[in-house]
Every structure is written in structure tokens, then in C-alpha cells.
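I have placed the structure first, in the form of C-alpha cells, so that the comments after it can refer back to it.
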Amino acid sequence: MACILKRKPVLVVSFIALCILLLAMRLVNDATFPLLLNCFGQPKTKWIPLPYTFRQPLRTHYGYINVRTQEPLQLNCNHCAIVSNSGQMVGQKVGEEIDHASCIWRMNNAPTKGFEEDVGYMTMVRVVSHTSVPLLLKNPDYFFKEASRTIYVIWGPFRNMRKDGNGIVYNMLKKTVDAYPDAQIYVTTEQQMTHCDRVFKDETGKDRVQSGSYLSTGWFTFILAMDACYSIHVYGMINETYCKTEGYRKVPYHYYEQGKDECNEYLLHEHAPYGGHRFITEKKVFAKWAKKHRIVFTHPNWTLS
């Protein structure tokens, strides 16, 4: 009897230690947890990431300047969810999972209202092309009043973003912050735009301008997210071979509108002699980055060789 009583404290301590170990493993591997589930034959297991708080003081990103205050962006996230605009998101029902991330990133004018079950309803960072700014301004109350806590990062060429009164998009943004003083709108600096072009050339061996292409909003999103996030979970983005896969799922280019077929649009842009986005080429680079950073792609899952 005495031996049994002596063992009880040992068993309790061991049990507590095991629980702490499992929790630590979950925290460390949260970014890759969906893939670990797949390894154990649970590809359909619902994964809800643990809620995070900022893990350290906000980090300053000097390539992004606030339109109203002219101060650089300060942002630092633990677990980021990047939600693709792709029709792949239709019917996925991962909105609750997405909203558990510490920072939820969206692109251009992709809405959440009416699509919450699939894509969630929260947005912390929205990266927007200069060409999509007029689309935001069609519904300014929704984007800049109701979503005043969202950080907007606008990218675009110098001719549209110049601050001397001749930058047509910058002028739109100035008027927007005058009308919505709480709006957090940042623009990408000319130096940061050059940096993004340089990264494209370093990764692909091709000069973006000479190849007649434009970087996508996804490219600018990844550049900032890899600098601001400890781990990244990308939802709804296809890889570079998806459209060549037999029996692939045909979906709209955007989850929020019918019309263009995603794969047709990708192939059209990839081979356009001028003015296209090299979506497929970019996906090859994203796969390369995922091997070096804590990046996971799901819905559909990516296999990184």
C-alpha cells in the first residue's frame, strides 16, 4: 500500500509533464500541423490553430508608408492566414479555422460578407493593387469604415503613386484618408517596388520589365508576409502543376464572381507577350520559399519535393 501511495505523485508529475510536452509540440509545429495530420492518415481532420498574440514588439517595415502620418508600417504576427481569391475556396468551409489565425491576410477587393463560412469574416491586412483601388472606392464604407481596423497596403508603379499631385492613385488614397480618418492605408515605396522586382529576377533569372510582365498582388503579399509572420498558412492557392493534372477541379478565377476559369486565366497570363502576370512562374518560387520558411499550402494541399 505504501509503495502505491509513493507512486501516485510520480504518476501525477509524469502526466503533467506529458501534457506540457504535447502542448509545446503543438505550439512549435502549429504551422505544419495540417501536414502532420496527413502523415497519420487524417487528411480531412479539422484543424483549428491555437489563438496567438504578438510574440514580440511590432516590427518596422520601412518599405511601406502611411498615407496620413507618413510613418512606416509596424507589424509583427505569429501565425498568418493568407486567403486566396481563387474559386478553390468555394465550399471549403474553413472560415472558422481561418479566423483563429493571429493575422488574416486578404487581397484586392475580395469580400468576406456572404462568404464567411468558406473564407472567414476577419481581415487584419489587405494587400491591394493600384488597379483595384477604384474597386474598393465603389464601396468605401464597407472597406474603410466598417473595416477601419484593417491595414491596407497598396502597391503600384511610381507614375500612379507619386506624391507631387500627379499620382492618380495616390490622390485617390489621400482623399480617402481625409474622408475616413481612421483608415490605415499604406503605400509601397519606390525602393520597395524595385526590391520586389529584384527578388523576381534573382529567383527566376528573368527581368520583369524585359519579359513584359507584371508582378501579382500575391507576390507583394508574400514579400511582406514572410517578413512580418513567424508562420504562414495559405488557403486556396494552386501550385504550378495543378492545371496540368488530370481531372483537376475546374473553378472560377475568383470565389466571389462567376465567369473566368482559373486555369484558363493562369495559362493566358503565363504566355501573354506583354501585360500579363506570370502566375505559374510565381507559384514555382512560392514552393521554393516554402522549403525555407514556415509556409503551408492547403485547399488544395501542395506536395513540396
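Please read every residue number as a count from 1 along the shown chain.
Backbone N, Cα and C atoms are what each Cβ position is placed from, and that goes for glycine too.
Source: prediction; values computed, not measured.
What Swiss-Prot lists as disulfide bond is Cys80-Cys229, and the listing cites similarity to another entry. As annotated by Swiss-Prot, N-linked glycosylation site applies to Asn239, Asn301. Under the heading topological domain 'Lumenal', Swiss-Prot lists 29-305. What Swiss-Prot lists as transmembrane segment is 9-28.
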- About how far apart, in whole Å, are the alpha carbons (Cα) of Asn239 (N-linked glycosylation site) and Cys229 (disulfide bond)? 21
- Between Cys80 (disulfide bond) and Asn301 (N-linked glycosylation site), the C-alpha gap once rounded to whole angstrom: 17
- Cys229 (disulfide bond) to Asn301 (N-linked glycosylation site), Cα to Cα, whole Å, comes out at 20
- Here are some glycosylation sites: Asn239, Asn301. Which one has the most Cβ atoms within 10 Å of its Cβ? Asn239
- Within 10 angstroms of the C-beta of Cys229 (disulfide bond), what count of other C-beta atoms is obtained when all protein chains are considered? 26
- Item | Local Cβ density at Cys80 (disulfide bond) - other Cβ atoms counted within 10 Å | 26
